[in-house]
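Features as listed in TrEMBL:
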{"type": "DOMAIN", "residues": "B:4-64", "note": "domain 'HTH tetR-type'"}
{"type": "DNA_BIND", "residues": "B:27-46", "note": "DNA-binding region"}
Protein chains: 2
Amino acid sequence: MDGEDTAGRLIEATQELLWERGYVGTSPRAVQRRAGVGQGSMYHHFGGKPDLARAAVHRSAEEMQARAEADLSGAGGALGRVRAYLTRERAVLRGCRVGGLAQDPDVVADPGLRAPLQETFDRLRARLAEVLEEGRADGEFRPDLDPAGTAATVVAVVQGGYVLARSAGHPGPFHEAVDGLLRLLDAHAAEPDTRP
Amino acid sequence: MDGEDTAGRLIEATQELLWERGYVGTSPRAVQRRAGVGQGSMYHHFGGKPDLARAAVHRSAEEMQARAEADLSGAGGALGRVRAYLTRERAVLRGCRVGGLAQDPDVVADPGLRAPLQETFDRLRARLAEVLEEGRADGEFRPDLDPAGTAATVVAVVQGGYVLARSAGHPGPFHEAVDGLLRLLDAHAAEPDTRP
DNA sequence: GTCTATAAGCTGATAGAC
DNA sequence: GTCTATCAGCTTATAGAC
């Protein structure tokens, strides 16, 4: 419960380094330095690098799920909540602290490390599909909307938007991809969009 | 021109390792071993790891652009060609050999390494936008289609699809995301889709 | 719990012989 | 062009004192 305890500081430092440098690029030594914790102390609390990373990835996954849930359970209609999720302020050039790890071969090869990624995106897609299905049932979307497929598309656009933005060196392509998707979704609204 | 020369083998080996392990995870030593080339030989042909990586990333980017251009300049209408690009057979779980590098901090920090990524995605988006604009001009798409935004969305779905598939450990989410996007694009076709 | 050795192996390179 | 030293520093621990 104490955010200032040694194990907690180690996990936080690992979360930051995994976000910045990935799993391969993060050494126990760098974690110790950032956490201000000695070698022996780290190995007392955690079994090693994979063990430490599992704890950090698990926490990052929980935090990401909580943020998404906040957007998707807010006020407004289905499209409004999906729009809230898509247009939430993000540190675009930093990428996704969960999705970014999927690029790492050592992460996808370790079931304990990959599981939080899988769970996060499975739940996010399922929750988005629920919201979209609500919108269809309410007549907000056309009846031919595919909730599950569209949900996967929404999540992919965000993750792919990060890739395009980091490749470009600026956040522009992320926002273009999101705006393009929102226009496609607008066109799927039951009533033709007549905004100026 | 000879694909069996030392420099060529080094570049090929580097392309493979960058795809599998990323930039941070790829050592000159591993490249030498895979290419069957000695230490001194490698440093004779290339200045070091960044130099070698620049050559390899440049070639991978060219190859990716050529494949995309083949799909987008094929036969058929605009939607058909976009569909051909999106549904081309891919080694989904391996990820994109260009986009995957965008996760690496050392790649985005080195202008010579990031440039091929930026160019690849800029050109791909521009070419897709052209195709979509053609489709709109021909009356294949509704007049309110946004070619540039939609192009960014298409590229993002592919890149994000890789992230979701690798996180899940199977290609399913990639195909769900692509199918979801194709349904949204179908709905943007000028004539209502009435297929069974 | 935390500290300081200690260690075998890898990293990214340079130097000079052949 | 290619080869074999050689190198300082990092990686990922383990061992045992405090």
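Placed from the backbone N, Cα and C atoms, the Cβ positions cover glycine too.
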| Averaged pLDDT score, the DNA-binding region (B:27-46) | 97
| message | Please list the DSSP helix, strand and coil residue counts for the domain 'HTH tetR-type' (B:4-64). | response | 47 helix, 0 strand, 14 coil
